[in-house]
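> I am attaching a structure below and will ask some questions about it afterwards.
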Protein chains: 4
Amino acid sequence: MQNPIKKLAVLTSGGDSPGMNAAVRAVVRTCAFMEIECMAIYRGYEGMIEGDFVPFNARSVNNIINKGGTILKSARCEEFRTPEGRQKAYDQLKAAGIDCFVVIGGDGSFRGASIFYKEFGIPVIGIPGTIDNDIFGTQFTLGFDTALNTVVEAIDKIRDTASSHSRLFFVEVMGRDVGHIALNAGVAAGAEETLIPEQNLGLERLLDSLKRSKKSGKSSSIVVVAEGDKTGKNVFELKEYVEKNLPIYDVRVSVLGHIQRGGSPTAFDRVLASRMGVKAVESLLEGKANLMVGIVANEMVLTPIDDAVKGHTKIDRELIRVSDIMTI
Amino acid sequence: MQNPIKKLAVLTSGGDSPGMNAAVRAVVRTCAFMEIECMAIYRGYEGMIEGDFVPFNARSVNNIINKGGTILKSARCEEFRTPEGRQKAYDQLKAAGIDCFVVIGGDGSFRGASIFYKEFGIPVIGIPGTIDNDIFGTQFTLGFDTALNTVVEAIDKIRDTASSHSRLFFVEVMGRDVGHIALNAGVAAGAEETLIPEQNLGLERLLDSLKRSKKSGKSSSIVVVAEGDKTGKNVFELKEYVEKNLPIYDVRVSVLGHIQRGGSPTAFDRVLASRMGVKAVESLLEGKANLMVGIVANEMVLTPIDDAVKGHTKIDRELIRVSDIMTI
Amino acid sequence: MQNPIKKLAVLTSGGDSPGMNAAVRAVVRTCAFMEIECMAIYRGYEGMIEGDFVPFNARSVNNIINKGGTILKSARCEEFRTPEGRQKAYDQLKAAGIDCFVVIGGDGSFRGASIFYKEFGIPVIGIPGTIDNDIFGTQFTLGFDTALNTVVEAIDKIRDTASSHSRLFFVEVMGRDVGHIALNAGVAAGAEETLIPEQNLGLERLLDSLKRSKKSGKSSSIVVVAEGDKTGKNVFELKEYVEKNLPIYDVRVSVLGHIQRGGSPTAFDRVLASRMGVKAVESLLEGKANLMVGIVANEMVLTPIDDAVKGHTKIDRELIRVSDIMTI
Amino acid sequence: MQNPIKKLAVLTSGGDSPGMNAAVRAVVRTCAFMEIECMAIYRGYEGMIEGDFVPFNARSVNNIINKGGTILKSARCEEFRTPEGRQKAYDQLKAAGIDCFVVIGGDGSFRGASIFYKEFGIPVIGIPGTIDNDIFGTQFTLGFDTALNTVVEAIDKIRDTASSHSRLFFVEVMGRDVGHIALNAGVAAGAEETLIPEQNLGLERLLDSLKRSKKSGKSSSIVVVAEGDKTGKNVFELKEYVEKNLPIYDVRVSVLGHIQRGGSPTAFDRVLASRMGVKAVESLLEGKANLMVGIVANEMVLTPIDDAVKGHTKIDRELIRVSDIMTI
């Protein structure tokens, strides 16, 4: 087969997630292996518009597989949402002789890529890099496993002090629209209750659960709360609510925040990134475009980007049930 | 449906693995949730033969989800391999009113469970607890993810010193019959080469790869070696071989050993253990027996124990290819 | 010498800190070694008033050296501040035949111990267990090193994402009255600026420093803020202030909170706890009382409790200078 | 005062240790702060002889404070032991206009520096970078705290599996001539016994201790062995010896090896490195030479290099006693 692709670019876009560097490395090295040129685009679509390109070879990505963040930097780019911005980006790619690109990011980044593809026909493959695990077409997004472990290690520490003082903690974790981190962390850290955007069982149930927990002799309680939970109260308001309605508890709050985005990626995320990077480049070389690489049943699969951004991976009902049983 | 099961037992058996405690907790709490009695059997089949049983309730397993090892202790038991030993075990279970049990362990433990089931008809469900990921019927065994991360963190440290001195390291990891830890760790830690039991590409290829690596300007190299690799040389002999045939390298050896078995389980292993524990108890309550719980495509599945112990999960050919590409 | 002490008690009191369990273990085992009885008092002075005592032997403290929190639980106790409360406590100790005790806690706990000693003559030795490092008479309090490492690891993660997005982060760490955690963490994590209670250089300087930092080409900035800093603004207000006055920065806030109190103690804290526990018991056996064990110049020293609670360890001026130089 | 120093160089030499990068950063930034030029010398004395110099400014050392190993690379250099080699080194320094230098390394590196100073009068200040803590004139060498924590975390993992199987482990740690890592790790990890070069209590005592341990009901035992212990047996021979003479134990061996040299430095080592780097540069600017920076009683102190290399920091007798008491 004649391979029309001579030069491939890679960028990271949107919120960063652990494993992005490992994915960049995989893309760059697969290009080297396939003997095509590779360009790194810095600062996401902003860098694409400004032509912030650097040629990368296999050695350019030495010793980054275990680094958090992204060496290519990332940014959210308003200008790429405009036709003028995208035209500039296209001109820059053409001027640099770039035939196609791999974008590592979340649904916002994918939407931009898809529009750009439809407008200019530049083949693009997406790699889902986001800690939220909220992309349709993959059972795991890049960074989810690392973020989950960061959360669980943090709650393990909080439990030490919670147990020592017989306290109740509300721990806020990331997840505006989906509760994957919260639900999995709740199960893994042995939380008493987990509040997620996908279901709102009401504040009454929370009080009941906490009452039962105290009665059963538990010495401390952790309630994991996703940012986007549907009780209508944030963690500080939940604290007040419980203190008022259930004064048997000494309540504290912890907002884990941005530590969840950083850190050296776990083995799982590094392997996943490596596999996705290879698959992304190979797919472009096979003439595919406007698709996202995902992992389903431990296999690499491709999903149209337009489908990927349409919905979220559903929360696992079985895991909700496991969570309920474990808190007895 | 009438539920004939009133009392369920749980034991850990064979080599320990991280996540066993989380699985014990899940079994115990599911029993509490289902309102059936639960007995803990200490020291594996040895404790079964000796009647080393302790009643456990939901609070007996507080604060163990994050602990490595197994609070129930584990042992390899010769006596259980004899009909007399198994008869004693059966008598003890009957005397204690135990109707069925969950065994958390590896293939040796499962073989014993299956024979016991065929002889005495005591329903048993297995949970695959072993770091080697070598059980058929599940994509991940309990403890594999934790062991893999332990290995990768260790190699990250070794790389620091390897890079500082431009050295070559042979790092031996666990895996007598299968190379899952070695292959995944090799990819995740950015190893130059990985030697696994499933394929023997010969020592020539190793030398070629190391020569190419040096030439390409890499400042250090890590070769991950599974215990059961098929080169016919252990890590110390590999060191000598390379020093003799490729004297450009300053070579060191590291045998990671038993640190791979311990440590607080990762989030993945804790969630997996919780799901498997629930599934195991529910399966027994549904009248099922002589099956192993596994995870396939992120779903809980059941496999006949006799099938589970017959083979290993095959090494992933795609991952071998990814590994090859990454070392360019 | 005739040893009048037959029974010694140990309690943890006030806020918990990592290493408390290691200190409890050391006290208990030293008693066993010296062949005197040891009683554990649960829940601090509250448990003392209520007679919540349990005899401990060398095996009672197996496998706790690496656990965060305190297995004896801790509490702040209002009743012990009253003469009636202390009388009850005395009666309980007498009834249980307890001759003396070791209290592991902070300055509040020590003040109570000293009053109690003066009223009832029960010999007491204090072990400074607090993450804040704010006790006079010791260069390091128990838990400080662990908390410091927890903070630094958290900031390392935050820096990953800060660098990827060229952001400025205000990170709030514990320290109401003293800035030891903040200053040391600032140096160790490479912070741009550190705001501590001991000095207020004003908001102008902060802006200057941030302007200089941006100009010098730094891609991200971390400002570590002790809870008790003297700018008059908390981290959220600092964010607003900088966004308004220095709009070149994209600013984020992270409040580390209670993760700083938990976690497995570092090697340093475990060794320190072991040494302090031995010294505390030996001092009581030598007839000493109302003293605190400390570490100065890597040696165990004793300081009158009344002196220990009077002041704080001063912030290290040389380290402030090091901090200033490093941020160039 | 007139400052004759215009250009300062920094190198790392000998075995690497965690914190070296933090020290390099501190030296470079202090030069920038003092407005003198700074040159990095790569690959230790080898690079000095070959003129492998690169000018470094404050930004050259961004984001290295948390990295293990040394970005300047290190090496042991035979040629620098010869007068000819040192002459070449001197010529290179002169050619590059380097007035003085800071060497970060162990006693071998310091001996070379001292000879060089006496021959050519180039002022040098040493920073003790070695995990062994075996340099006279400082209570802590750079990297010791990190290595100690790595060892303790590894033994914590080993204990998980040791306890699960009631096994005895011999764990070999670094320390050819001194037992600081072994003794501190033994105390911090709760080892049953610690074998160090500084004292040989004989194999009989080991057997007695292990017998007593089993009798007292301990479920597992860890014996920490420094490489240079004086029993005349290595860990594998110790295993055989105990298996033969005390067959009640199931014995395993773990050699921790090179993981002890790597890893992100602890907060303690990063702060220590920063302080030492500042002190080293300031001392050179004050006209001092042939001295080593150390930390004593938490203060920066200077010791003649010739004294520093003469002896080791003595093992702490009090800590040996603490170790003995804790193993009851």
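Using the three backbone atoms N, Cα and C, a Cβ is placed for every residue, glycine included.
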> Please pick, from D:G15, D:G19, D:G175, D:G179, the residue that TrEMBL records in the ATP site together with D:R76, D:C77, D:G106, D:D107, D:G108, D:S109.
D:G15
> Look at the ADP binding annotation in TrEMBL, where D:R25, D:A26, D:V27, D:V28, D:R29, D:G190, D:A191, D:E192, D:K218, D:S219, D:S220 are given, and name the residue from D:R43, D:R159, D:R176, D:R205 listed for that site too.
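Looking at D:R43, D:R159, D:R176, D:R205, the one TrEMBL places in the ADP site next to D:R25, D:A26, D:V27, D:V28, D:R29, D:G190, D:A191, D:E192, D:K218, D:S219, D:S220 is D:R159.
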> Roughly how many Å lie between the Cα atoms of D:R261 (substrate binding site) and D:S109 (ATP binding site), rounded to a whole value?
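The separation of the Cα atoms works out to 17 Å.
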> Please give me the CB contact count at 10 A for D:R25 (ADP binding site), counting all chains in the structure.
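D:R25 (ADP binding site): 27 neighbouring Cβ atoms within 10 Å.
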> Based on Cβ atoms within 10 Å, give me the single least packed residue among the binding-site residues D:R29, D:R76, D:R176, D:R252, D:R261.
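Counting other Cβ atoms within 10 Å of each of the binding-site residues D:R29, D:R76, D:R176, D:R252, D:R261 gives the minimum at D:R176.
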> Can you filter D:G15, D:R29, D:T130, D:G190, D:R252 (the binding-site residues) down to those whose Cβ is less than 8 Å from some Cβ in chain C?
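Answer, by Cβ distance to chain C: D:R29, D:G190.
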> Given the binding-site residues D:S109, D:T130, D:S219, and counting only Cβ atoms in the protein chains shown, which has the most within 10 Å of its Cβ?
D:S109
> Using the Cβ centroid of D:G15, D:R76, D:C77, D:G106, D:D107, D:G108, D:S109 as the reference point for the ATP site, which residues of the same chain not in that list have Cβ within 8 Å?
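Here the nearby residues are D:S13, D:G14, D:G44, D:G105, D:F110, D:G112.
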> Neighbour count, 10 Å Cβ-Cβ cut-off, for D:G108 (ATP binding site): what number do you get?
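For D:G108 (ATP binding site), the 10 Å Cβ neighbour count is 17.
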> Let's check the environment of D:E192 (ADP binding site): how many other CB atoms sit within 10 Å of its CB?
21
> Which of D:V27, D:C77, D:M174, D:I259 (the binding-site residues) has the most other Cβ atoms within 10 Å?
D:V27
> Rounding to the nearest whole angstrom, report the longest C-alpha distance spanning D:G15, D:R76, D:C77, D:G106, D:D107, D:G108, D:S109, listed for ATP.
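Largest Cα to Cα distance for the ATP-binding set is 14 Å.
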> Provide the three-state secondary structure of D:R29 (ADP binding site) computed with DSSP.
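Helix, per DSSP.
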